[in-house]
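Visitor: Have a look at the structure that comes next, please.
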Amino acid sequence: MASGILVNVKEEVTCPICLELLTQPLSLDCGHSFCQACLTANHKKSMLDKGESSCPVCRISYQPENIRPNRHVANIVEKLREVKLSPEGQKVDHCAHHGEKLLLFCQEDGKVICWLCERSQEHRGHHTFLTEEVAREYQVKLQAALEMLRQKQQEAEELEADIREEKASWKTQIQYDKTNVLADFEQLRDILDWEESNELQNLEKEEEDILKSLTKSETEMVQQTQSVRELISDLERRLQGSVMELLQGVDGVIKRMENVTLKKPETFPKNQRRVFRAPDLKGMLEVFRELTDVRRYWVDVTVAPNNISCAVISEDMRQVSSPKPQIIYGARGTRYQTFMNFNYCTGILGSQSITSGKHYWEVDVSKKSAWILGVCAGFQPDAMCNIEKNENYQPKYGYWVIGLEEGVKCSAFQDGSFHTPSAPFIVPLSVIICPDRVGVFLDYEACTVSFFNITNHGSLIYKFSHCSFSQPVFPYLNPRKCGVPMTLCSPSS
């Protein structure tokens, strides 16, 4: 009955315009009351439409100066706001064990209890509070948690959309790559069948691995989003329900909320991928044919030991390495390591003297950070150890060689310029893949020396033309200061 009376009172103090409890109520001469903001907006609209102000309920005209604040109604509204009108607000739950009202909250157990529960063994010694005292505190916490989770939900949905876009992009990209590979290899089918198969397998493996990982990430993102949605629904239900529903198990909900972390999906940078490209198919075909042709002249090369070179030679005369550095003791017993005259004292010739014809051999330089190789004419070992650095490595002195420094700098040595004739002209060589194995082809009659990168499908590294072979020439190897050996490969390898 009391509830019905309160409902009737609420209707009397409800604004006819916004249908909410009156805020700063103003009354007209006709007796109707409105919110100050609502009446002000209605007055402006009436003046624009009709040129006069009238009551929104009974349409009786009024003068703005006759409007008066209704403090009596304002007091009624204030009292009414303190009373809960909903059936849930008037409802008092009772303890299932004792039948008493549930008016206490146990902090340790996170439960709503009655006064008899408080005195029971289960809750004895626990910290208990009136539900009304702690409800507001937890409501603020849960409201903040709700806002945070809504933000995380938005972030999760954005991550989910990003991963789907990433997945589609990768699928399109790899499909595009596969199409290009197929088109490229169509023109090189006779020679490059194995290359095509290898590249497609790599792409398919890459597609499988990446899409598998992205699919897994997508599933995790969906589960992550769903988990956040479920927690949000739980919080909304608690916030909209009764005090008991708000507080029952609230600590567990807060712990779940605090443990919510958004895991970002794994992505794969496209700019770091290695994808097969064949920009010059005709040139590639010529390279393959040239390498196939010169390998018909493969000769079995070994080195020739001498008393001048300090290079270390294997028993089968195929492997050459630099010796260990000498230890020199200076003043006060200081120890120094030295590689005196290493550039030329570690150089050594092949045993074969070449005076005509075509000759090809290969040298394994894998894992070496420095080396020099090629051909040498008119070798004079007595003079070599007296020349420092790279000054002797010039065609005019009988050297047609290329070399590697610091593991990445590949160069060819040409004759010095007019201004610096004693120093060789260093030609930087652009190699996409640093060679682990180098092929050397000497055409005595054509006066050419060519170098091939066997590691990169036999591509041409450099070619010396118009060579002056006025005397016999020999294969030349120099392991330099790098302790890793260089090996002459047999034709059967």
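Placed from the backbone N, Cα and C atoms, the Cβ positions cover glycine too.
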Visitor: To which of C58, C117 does Swiss-Prot also attribute binding of Zn(2+) at the site defined by C95, H98, H123?
Guide: C117
Visitor: Looking at 90-132, 219-261, 305-347, I want to know which stretch Swiss-Prot calls zinc finger.
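Guide: That would be 90-132, the stretch labelled zinc finger in Swiss-Prot.
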Visitor: Which residue counts does DSSP yield for the zinc finger (15-59) in the helix, strand and coil classes, in that order?
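Guide: Computed counts for the zinc finger (15-59) are 14 helix, 8 strand, 23 coil.
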Visitor: Once C95, H98, C117, H123 are set aside, which residues in the chain still have Cβ within 8 Å of the Cβ centroid of the Zn(2+) site?
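Guide: Leaving out the recorded residues gives H97, E100, L102, I113, C114, W115, L116, E118, S120.
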Visitor: In the same chain, which residue numbers or ranges, 6 or more beyond the ends of the zinc finger (15-59), come under 8 angstroms Cβ to Cβ?
Guide: 66-70, 73-74, 77, 80-81
Visitor: If you run through the zinc finger (90-132) with DSSP, how many residues end up as helix, strand and coil?
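Guide: Going by DSSP assignments, the zinc finger (90-132) contains 8 helix, 11 strand, 24 coil.
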Visitor: I'd like to know which of these binding-site residues, C95, C117, is least surrounded, judged by other CB atoms within 10 A.
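Guide: Comparing Cβ neighbours within 10 Å for the binding-site residues C95, C117, C95 has the fewest.
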Visitor: Tell me, how many other CB atoms lie within 10 A of the CB of H98 (Zn(2+) binding site), whichever protein chain they belong to?
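Guide: Other Cβ atoms within 10 Å of H98 (Zn(2+) binding site): 15.
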